[in-house]
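So that we are looking at the same thing, I have put the structure below in structure tokens.
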Amino acid sequence: MLRYKPKLNPTSSPKNEPISYSSFKEMSKYDNYKRKYKKMKKMVQELIFENAALCDQIAILQEKTLLLIEERNFLWKKLQQYQPYGDNDSHYRTQGMSHSTDGSVKKGSTKRRNDRIASDSSEVNKTPKSSKKPSSLCKKKKLVNSIPLDANGKPIFPIVLGDFTVHSLGEVCDKSEYHTEELIYPVGYCSTRIYGSLKDPEKQCVYTCKVMDGGQAPRFEIVADTDLDVPLVSGSIDECHSMLLQLINNCLGAEVVNTKGRGADFFGMSHPTVHHLIQASPGVRKCKGYVWTKFEQVSLSSQSSPDELEASLSYSALLRSISFSKSHLENVREKDEESLRGILLS
């Protein structure tokens, strides 16, 4: 009867056969390579984990950087709202009363100061009242972008200026309610602007802005291409814009944008190029309450404007404000959860 004999591994030696020096050397060399391989594999795994951790940290820092940039832009816009104080009374604030070494006030200095104040007040009273025009004195020269013109020197429509497009300038009305000292509201003015949708502010839509004839006063209308049946109409251009911003906040469920209306900026009529074109329209000289503005043409076709950083006017700024608001709410929620967990554990 045949018996099964297992095959011996050529690399392994029988127990009764002694291991030679050469085979022992080869086995030790193999074990050395194996240890090096395991060590390198462990180092590679550690480097992979470290790289992943660094990538996560970089992503967090980038998000924090974007939030800080958005906060800086918001604070910068808030700072621009405050006008610097005039220097008219700085002379009297800086001219203190001169004191002697014993702390008493010198009569001569007080008398000279009173005489100086009296002389200045008399000079102010002598100036004619017609020269006091703060609105015209405060106005600065505005820069105008160059736009294409036809053979007759008229602008070619549509005029694309950043996020908004002007389709028609309309006709100037000389009624008092159709203009202010700074702006003119021509009847038939039409422009479109890309902004957040009323149904989902994170998705963009096109808003059509119109100035219509309302009799004694103009009517302003904003219509979204997603809600053509629900126009926003008001007798005030700022109130019309404020209604839109309020609907955006109601859809988001948070105060993401400032609801203070900036209708002239949203319609595009305060843009220097559009303002210059409206001022050059026929019939402007009949607007008695309007103060003319000086313009200077520049060769650049596109000019950066601080309005691009305003969430109430720019769609990209609105998206940044929405992401900033969401991250802020998440941080507040995490802090509340941590405080609640600490209270429960204590």
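Any Cβ shown, glycine's included, is placed from N, Cα and C.
Note that the structure is a prediction, hence the values are computed from the model and not measured.
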Select from 1-20, 321-340 the stretch of residues annotated by TrEMBL as region 'Disordered'.
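Range annotated as region 'Disordered' by TrEMBL: 1-20.
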For the domain 'INO80 complex subunit E N-terminal' (32-79), jot down how many residues DSSP puts in helix, in strand and in coil.
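For that range the per-state counts are 48 helix, 0 strand, 0 coil.
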What mean pLDDT does the predicted model reach across the domain 'INO80 complex subunit E N-terminal' (32-79)?
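Taking every residue in the domain 'INO80 complex subunit E N-terminal' (32-79) and averaging pLDDT yields 85.
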